[in-house]
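One structure below.
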Amino acid sequence: MASGKFITFEGIDGAGKTTHLQWFCERLQGRLAAAGRQVVVTREPGGTQLGEKLREILLNQPMDLETEALLMFAARREHLALVIEPALARGDWVVSDRFTDATFAYQGGGRGLPRDKLETLERWVQGGFQPDLTVLFDVAPQVASERRGAVRMPDKFESESDAFFSRTRAEYLRRAEEAPHRFAIVDATRSIPEIRQQLERVLAAL
């Protein structure tokens, strides 16, 4: 575990990924400490001063579908340039709550934006750069909806229908099927202790 790696957490809203991210990062940091490496914890959209401003807009303001995708990738370019790439160059590890798979799942699968348009933006913004590992928290939209209903006021995406999240989930699973070497799928319907057991296996494989 000496060289820097980029890990992403993905899943539909209500899958529980954010609940487990800090625990995962603390466990990972414990394993990296002896090598003098740090774990940089970040998120998308966001992670930078500009990215957080764009996040506030993206999560709360209605907008044209293509504008939404363009702003997502604009925030991502800033995130890569200011946070992710410098951290990896130092040999640190980066764990991000969402990355490009979320754009394909939400703007592509959920919103219906053509995949070729997203692929064009992906090539422009990140070239061939991809996460070393993507942990996908998979859960049925109905279960995720019940979880979302038990928390704070929902943002624009959290307020979407089960049908939207069914399309989003399907796109996540399709991407996982296309890149099985990169994805680790977590059964997010399980209890917190059971999910953490799954994450322990993910950590052991790093």
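Yeah, the Cβs are placed from backbone N, Cα and C, and that goes for glycine too.
The annotation ATP binding site is assigned in Swiss-Prot to G11, I12, D13, G14, A15, G16, K17, T18 on the grounds of sequence analysis.
For G11 (ATP binding site), the count of additional Cβ atoms within 10 Å of its Cβ stands at 26 [all protein chains shown]. Looking only at other Cβ atoms within 10 Å, the busiest spot among the binding-site residues G14, G16 turns out to be G14. Each of the binding-site residues I12, A15 was scored by the number of other CB atoms within 10 Å of its CB, and the largest score is that of I12. Less than 8 angstroms from the CB of K17 (ATP binding site) sit F9, E10, G11, D97, V135, F137, A188, each of them six or more residues away in the same chain. In sequence order, F137, V139, A144, R147, A188 are the same-chain residues whose CB sits within 8 A of the CB centroid of G11, I12, D13, G14, A15, G16, K17, T18, the residues recorded for ATP being left out.
All protein chains included, D13 (ATP binding site) registers 22 other Cβ atoms within 10 Å of its own Cβ.
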